[in-house]
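Undergrad: This structure is in structure tokens; I'll ask about it shortly.
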Amino acid sequence: MRTALVLVAAALGTPRATGCKERVLVVGSGISGLVAAESLRHFGCQVTVLEALDRPGGRTHTFAAGPFAGTEEGAHWVHGGVDNTPVSLLLRMHNLSQVRVGGDDDYEGSRDRLTIFSEGKALSAEQRDGSFDLFQTALAAVSTCAEGQLSQKDVNVSVGDIWRRAVKVNYTAQSQLFLAWHRKVSFQQDEGASMDKLSAVNEYLEDYTDFYPEKSEGWEKHGDGYVKGGYSSLVARLAENLDIRVSSPATRIEYSGAGVAVTADGQRFEGSAVIVTASVGALQTGHLAFDPPLSSWKSAAIGRLGMGNVAKVLVKLSQPLKSSAYALGFLGRRLLSFCIRGAAEGRSRVLECFLGGREALNAEAMDAERLKGEVAKELADLGSVEEVAISKWASNPFIRGAWSFAPVNSSVQDFDLLAAPVGRVHFAGEGTCRLLYGNVHAAVVSGARAAHQVLQQFETAPFRTDEWPLFRKEILNLCTVSPARTRARTRARAPAGLKRAFEVGENRGHGAPFVV
């Protein structure tokens, strides 16, 4: 396989002499659009990519200069690390590497590399570990309650509703702070919305890919990684040899049995098919019109899905932190609850802090001076603050959020409905991938899937598409076919590194065990 990848990497810049002769338009040059375009070009298609932003990459962008050079503005990790298939495969195809940091998508880095602060003081490892045990017993109680009380018809029930039903314990003030912090990191910052907006059916009854299966072969190698050189290095490799028109927002797509036409930046582009990779949030604005209008089932699915609001606050301190921790947690803070230290990735004085939901929107709305003042106030115990910046995906008119999620009154089938092609109009992007939505893996798989669909729709030459690594069946099916490592989302939230049995106190609330 590795030999085959070397051959593929060498041939990436050379399209096939035979094969696809169609012109295909791709709306959006995020990872999904670039993967689709590169795949189609490999098989000889003529591809034009129309990008609304002034650069390719979409929600993947690494700062090239300034105080935060080398820092990711958007997509950061390769969830699942070096062993995870879609992104890791794509990186190998382009001779790029990644660095493992461990952990999982809620707690980047293993627990041993997390320091939690309360009122400016670092808590002990014992206190930190006790907070995880506390949260795990609460999660177990909520999971039991959900599985016993929820059915697929309960689409109007939120994650917050289930927690209020299941967790009825008079916790100490410290325990309440711990639970609030873990819930914020695991739900609000992970999904980009409050627990009262998240679908309980999706969270507790549906499947989602588990990137951190402890019992799989080589499980000790799992955990998150980051791209060496940043995700923009991958964007640059994917964009090589592609016809990308930046600053060209698509406003209209006309389609019929004869072909498609896309209007972008006042120009009309014609082709045999189009792949739309606009985010769920962008589609919901209605700024991209379809002629004829999309069917009601497609429009309804777009309307039901959610777009999570997650902002990254970048902080440059005046002095490097003495702590060797990779991640920092702050209890009871209004703004900053979870940060990672850039020192672990070569940036000694940089903190990358994550906000979700309403807090992210509020921070995006602050002017630069106010934001810097708020950040400096909350991080005063760590030293003075030199520079502050914030990503603004929610307020970006062409993106409107960080990633998709399943809100109350939606169904995970809405991801499949959004993914379904309409004639010559195909759809890709993380919001079209039911089992992977919300991360770069979903973008890779959906882009490859859409390109494969186009080739199947129009290709007549007798060549094998499975020679392309991204067209392997096990890759193309990752959005909809549950692999062995897929399990209910609620059971996938156990932080990596938690190997021992949980300590159990007396039964309380709904007969659930708790540690208080």
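In case you wondered, yes, glycine gets a Cβ from its N, Cα and C as well.
TrEMBL does not curate its annotations; it predicts them automatically.
Sharing the feature lines straight out of TrEMBL:
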- 1-19: signal peptide (SIGNAL)
- 31-455: domain 'Amine oxidase' (DOMAIN)
- Ser32, Glu51, Ala52: FAD binding site (BINDING)
- Phe354: substrate binding site (BINDING)
Undergrad: When the pLDDT values for the domain 'Amine oxidase' (31-455) are averaged, what is the result?
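TA: The average pLDDT of the model in the domain 'Amine oxidase' (31-455) works out to 93.
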Undergrad: Can you list the residues of the same chain, besides Ser32, Glu51, Ala52, whose Cβ falls within 8 Å of the FAD site's Cβ centroid?
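TA: So the additional residues around the site are Val26, Val27, Gly28, Ser29, Gly30, Gly33, Val49, Leu50, Leu53, Pro56, Gly58, Thr277, Ala278, Phe398.
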Undergrad: Just name the winner among Ser32, Glu51, Ala52, Phe354 (the binding-site residues) by count of other CB atoms within 10 A of its CB.
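TA: The largest 10 Å Cβ neighbour count belongs to Ser32.
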Undergrad: Which whole-number value in Å describes the distance between the Cα atoms of Glu51 (FAD binding site) and the residue listed as 'substrate binding site'?
TA: 27
Undergrad: Checking the spread of the FAD site as listed (Ser32, Glu51, Ala52): what is the longest Cα-Cα distance, in whole Å?
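TA: Overall maximum Cα spacing for these binding residues reaches 15 Å.
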Undergrad: Using the alpha carbons only, what distance in Å do you get between Ser32 (FAD binding site) and the residue listed as 'substrate binding site' once rounded?
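TA: Given the Cα positions, Ser32 (FAD binding site) is 24 Å from the residue listed as 'substrate binding site'.
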